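Participant: So Swiss-Prot lists the following for this protein:
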type	residues	note
BINDING	H74, H106	heme b binding site
DOMAIN	11-150	domain 'Globin'
Amino acid sequence: MPIVDSGSVPALTAAEKATIRTAWAPVYAKYQSTGVDILIKFFTSNPAAQAFFPKFQGLTSADQLKKSMDVRWHAERIINAVNDAVVAMDDTEKMSLKLRELSGKHAKSFQVDPQYFKVLAAVIVDTVLPGDAGLEKLMSMICILLRSSY
């Protein structure tokens with residue numbers, strides 16, 4: 001299933017949730033380094049996205065990005081937001097509330113182009129569990145909810 005960012009929020013099966021939790025645990029155990037790696041992959045393949053992060057301007061190499069405290073801080077926030085969604089897979093109302101709030105911030109305060117949510121989600125899937133339909137569904141849930149304020 002490809003990652004989508006519109007339509008109805010897909011439901012996860014118990015087996016998909018179990019697979020996601022199992023795959024996510026070692027990723028989250030190294031959340032700082034994994035988060036930075038994901039963000040660097042995202043910026044490397046989508047350099048225009050870096051314009052939405054004023055504090056990242058002038059960081060032109062992967063090494064500069066990796067050493068930046070601002071990049072590390074934001075990467076940690078992304079990984080923690082995904083972790084919140086993983087933890088809340090059994091409480092979609094809680095997940096929805098948190099992600100809709102995050103959507104409002106990204107739409108109104110940061111004016112992020114919402115197309116990048118899906119692109120970043122694909123990088124996360126490729127890093128955590130490439131091609132897994134359940135994780136793609138979870139990322140679709142996140143992307144749909146993050147677009148809710150646009």
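Using N, Cα and C of the backbone, Cβ positions are placed for all residues, glycine too.
Given the structure is predicted, the values throughout are model-derived calculations rather than measurements.
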Participant: I'd like the Cβ neighbour count for H106 (heme b binding site), meaning other Cβ atoms within 10 Å of its Cβ, all protein chains included.
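Facilitator: By my count, 20.
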Participant: Give me the count of other Cβ atoms within 10 A of the Cβ belonging to H74 (heme b binding site).
Facilitator: 17
Participant: Going by DSSP, give the three-state secondary structure for H106 (heme b binding site).
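Facilitator: Once the DSSP labels are grouped into three classes, H106 (heme b binding site) ends up as helix.
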Participant: I'd like to know the mean pLDDT over the domain 'Globin' (11-150).
Facilitator: 96
